[in-house]
Amino acid sequence: MSLVAIGINHKTATVDLREKVAFSPDKIHDAMKSLASRTKTGEAVIISTCNRTELYTNTGDEAEVIRWLEEYHQLSHEDVEPCLYKFEGQAVAQHLMRVSSGLDSLILGEPQILGQVKQSFVKAKEAGSVAITMDRLFQNTFSVAKKIRTETEIGAAAVSVAFAAVSMAKHIFSSLSTTKVLLVGAGETIELVARHLKDNGVDSMVVANRTLSRAEGMCEEFGATAITLEQIPDYLPQADIVISSTASPLPILGKGMVEKALKQRRHQPMLLVDIAVPRDIEAEVAELDDAFLYTVDDLQSIIEQNMASRREAAEQAEVIAEEQSHLFMEWVRSLESVDSIREYRTASMAIKDELVERAINKLAQGGDSEKLLLELANKLTNKLIHAPTQALTVASRQGDLNSIGQLRTALGLDKN
């Protein structure tokens, strides 16, 4: 058997097709059992995220895996096949290591994918679709992803606006855990900002939004306080950090409002990060002595620098993934040789047992022991040398000197 992986992702298929081949969390358990039942080894792991669906098996039959996917989702071969990428053998291991390390992600080096791959592996184990090869492949992959994170800077630099905003705050304040943060807006970007802040130990967050119910829903998750936009002047003086991202056509925080808040703060510095377009914070706020205003353009230049840094780190990571996939395949080959040795020994022992049993029966019937012993030795020799003799004969007829040399070495004929 050999490793096979097929998949589609954001590079090869539209959102529409990705949705059609995705596996919902409540169905993926049974899907993995179904796919595993179609393989000779009973091994299958399915990774399904918003950006990719990938099927990993140890079947050696790529076409069968594709047929299963099409049948499961009731899709035509013409719709699915052109969007699939396929890997076999070592390429499977290398691809999985690249995916788990964020090297194949929409955002280069993003860490979330590793958690998603781990969840898929756990579900596969629960479904009983993991045996020795898949277990070793995924366990090795997790170690490689950790090695890449440790030995390269692939995940060190911020490459999203939300992450960059929080990274900037970390550079300015020695510890975010003691800061008070005002978030303006309650959309996806601000939610991501809140998550990064929470991960960095921020406990005091206020979320201001035009619709209070939307802010309250978000605050429940992060233990924050929800307020309306009209209440901002009351909470602004307590804020060390203000991060704003709304869809407002007009500025929400003006120079006068911020100036008044700074006076109440006795001119303690305030970091303001405006990641909205159009701006949420008046540009004139930057003129105030104790206000440090950054816009989305400032963050974008940081992101571009960081992306260059990640691309450089990705080159190092690619080398690690390739090296480690080679090592994994050495283990696979050693496993195959162990199986071959076991099969060869079993077959040889079966021949020996059969011939010994015949000899014992003949002895019991009064046969000549010396004659039977010689007959046993001859028959055993002939049986054991039959396969290598045939292989040497075929190689000689074909003029295959390489195979002849390998057979001579294996049979110990070239020993001095």
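For all residues, glycine too, the Cβ spot is worked out from N, Cα and C.
If you check Swiss-Prot, you get these features:
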type	residues	note
BINDING	Thr49, Cys50, Asn51, Arg52, Ser105, Glu110, Pro111, Gln112, Gln116	substrate binding site
ACT_SITE	Cys50	active site, nucleophile
SITE	His95	site 'Important for activity'
BINDING	Gly185, Ala186, Gly187, Glu188, Thr189, Ile190	NADP(+) binding site
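Known features from Swiss-Prot, placed on the structure.
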| residue | record | Cβ contacts under 8 Å, 6 or more apart |
| --- | --- | --- |
| Cys50 | active site, nucleophile | Arg18, Ala22 |
| Asn51 | substrate binding site | Asn9, His10, Arg18, Ser105, Leu106 |
| His95 | site 'Important for activity' | Ala5, Phe87, Asp104 |
| Gln116 | substrate binding site | Ile47, Thr49 |
| Gly185 | NADP(+) binding site | Ala208, Asn209, Ser244, Ser245, Thr246, Ala247, Ala276, Asp280 |
| Ala186 | NADP(+) binding site | Val207, Asn209, Thr211, Arg214, Ala215, Gly217, Met218 |
| Glu188 | NADP(+) binding site | none |
| Thr189 | NADP(+) binding site | Val161, Ala162, Ser245, Ile275 |
| Ile190 | NADP(+) binding site | Ala162, Leu183, Val184, Val207, Met218, Ile243, Ser245 |
- Query: Which whole-number value in Å describes the distance between the Cα atoms of Pro111 (substrate binding site) and Gly187 (NADP(+) binding site)?
  - Reply: 22
- Excluding Thr49, Cys50, Asn51, Arg52, Ser105, Glu110, Pro111, Gln112, Gln116, please set out which residues of the same chain place their CB within 8 Å of the center of the CB atoms of the substrate site, keeping sequence order. Gly102, Leu106, Ile113
- Message: With every protein chain in view, what's the tally of Cβ atoms within 10 Å of the Cβ of Ser105 (substrate binding site), excluding that atom itself?
- Response: 20
- Taking the Cβ of Gly187 (NADP(+) binding site) as the centre, how many other Cβ atoms fall within a 10 Å radius? 15
- Which residues, in sequence order, are found in the same chain with Cβ within 8 Å of the centroid defined by the Cβ atoms of Gly185, Ala186, Gly187, Glu188, Thr189, Ile190 at the NADP(+) site, excluding those residues themselves? Leu183, Glu191, Leu192, Val193, Ser245, Thr246
- Message: Check the DSSP secondary structure of Ser105 (substrate binding site), expressed as helix, strand or coil.
- Response: coil
